[in-house]
Amino acid sequence: MTAPSQVLKIHRPDDWHVHLRDGDMLKTVVPYTSEIYGRAIVMPNLASPITTVDAAIAYRQRILDAVPAGHDFTPLMTCYLTDSLDADELERGFHEGVFTAAKLYPANATTNSSHGVTSIDAIMPVLERMEKLGMPLLVHGEVTHADVDIFDREARFIDTVMEPLRQRLTALKVVFEHITTKDAAQYVRDGNDYLAATITPQHLMFNRNHMLVGGIRPHLYCLPILKRNIHQQALRELVASGFTRAFLGTDSAPHSRHRKETSCGCAGCFNAPSALGSYAVVFEEMNALAHFEAFCSLNGPQFYGLPVNKGWVELVRDEQQIPENIALADDSLVPFLAGETVRWSVKK
């Protein structure tokens with residue numbers, strides 16, 4: 001019997017979906033991402049969404065100002081799609097290397113999405129332009145109709161929005177972000193080379209029982225919400241299969257403790273401190289460590305048409321203790337897996 005590996009050496013990974021926020025929160029959370037990842041797709045859903053080239057340039061600079069000396073990190077900026085967005089502004093940002101992709105939030109689907117898109121028809125000229133440019137569309141894949149159960153929002157989105165959109169724009173590159181269901185896993189698996197998906201550590205590690213049985217755990221509450229264990233298992237099987245159009249996207253989404261532990265708490269898991277080790281745990285549990293590097297470091301660049309990072313990261317079989325909380329200026333952050341240990345840690 002072969003002894004389990006003690007070291008995992010992979011090309012420096014990228015995070016293809018992260019929320020870095022702004023202000024003091026940004027200064028606190030950026031180093032957890034920039035220390036490990038070479039690049040990150042930065043979500044544009046600030047309180048004032050990133051809808052112009054100038055706003056993206058300014059936000060990118062605030063991020064870079066928060067990167068500690070010695071970290072080699074490039075934020076990849078995204079444009080927040082709205083019903084009134086100017087396609088020329090989007091194209092300018094893409095050609096100038098400011099916008100890497102554009103983000104579709106259905107209106108009111110998640111944090112700071114009230115400015116989001118009300119219908120695909122409203123932004124069809126913009127999407128047609130993106131198809132011509134080869135610019136990826138990043139999709140929060142949930143419908144938000146009041147009559148649709150929250151656990152069914154993703155599956156309904158596939159039937160009513162995603163598939164009609166991809167039928168109309170057959171060469172549009174689409175990332176189905178943070179997929180959570182067996183429906184989405186199968187849909188992406190059956191798709192063509194223009195369709196990919198990101199998957200978070202929490203949706204691979206947990207299901208809704210973990211969040212709701214024996215007491216409600218607000219720090220596992222995120223959107224899309226954790227689903228049944230059959231959906232969790234489908235996601236685990238997808239990544240364990242070595243499927244090349246699924247890649248790392250943490251959806252790390254920090255909120256202060258008082259905004260999570262309250263009568264109406266915010267959605268989001270701040271998983272940046274533990275995400276890479278958490279993914280390694282899942283791949284090891286699935287006997288799929290052979291596919292770990294591709295998921296973290298190779299599949300994303302291949303889909304985006306970007307080079308693989310030149311540097312390397314080593315994970316060691318050395319238990320990492322996740323802190324109970326992380327200080328903020330006037331509050332604290334409770335990270336994903338707070339107080340627990342993860343058996344793979346990034347070698348410093």
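Positions of Cβ are set from backbone N, Cα and C atoms, glycine also.
A quick note: this is a predicted structure, and the numbers were derived from the prediction, not measured.
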Site co-member for substrate according to Swiss-Prot, given H19, L20, R21, H140, L223, H255, A267, out of N45, N207, N287: N45
Site co-member for Zn(2+) 1 according to Swiss-Prot, given H17, H19, D251, out of K103, K347, K348: K103
From H178, H203, H210, H219, the one annotated by Swiss-Prot with K103, H140 for Zn(2+) 2: H178
Remaining residues near the recorded Zn(2+) 1 site, that is with C-beta within 8 Å of the centroid of the site residues H17, H19, K103, D251: V18, I41, V42, M43, N45, L138, E177, H178, G249, A253
N45, H178, H255 filtered to the binding-site residues whose C-alpha is within 10 Å of K103 (Zn(2+) 1 binding site): N45
From recorded positions H17, H19, H178, D251, the one whose Cα lies nearest H140 (substrate binding site): H178
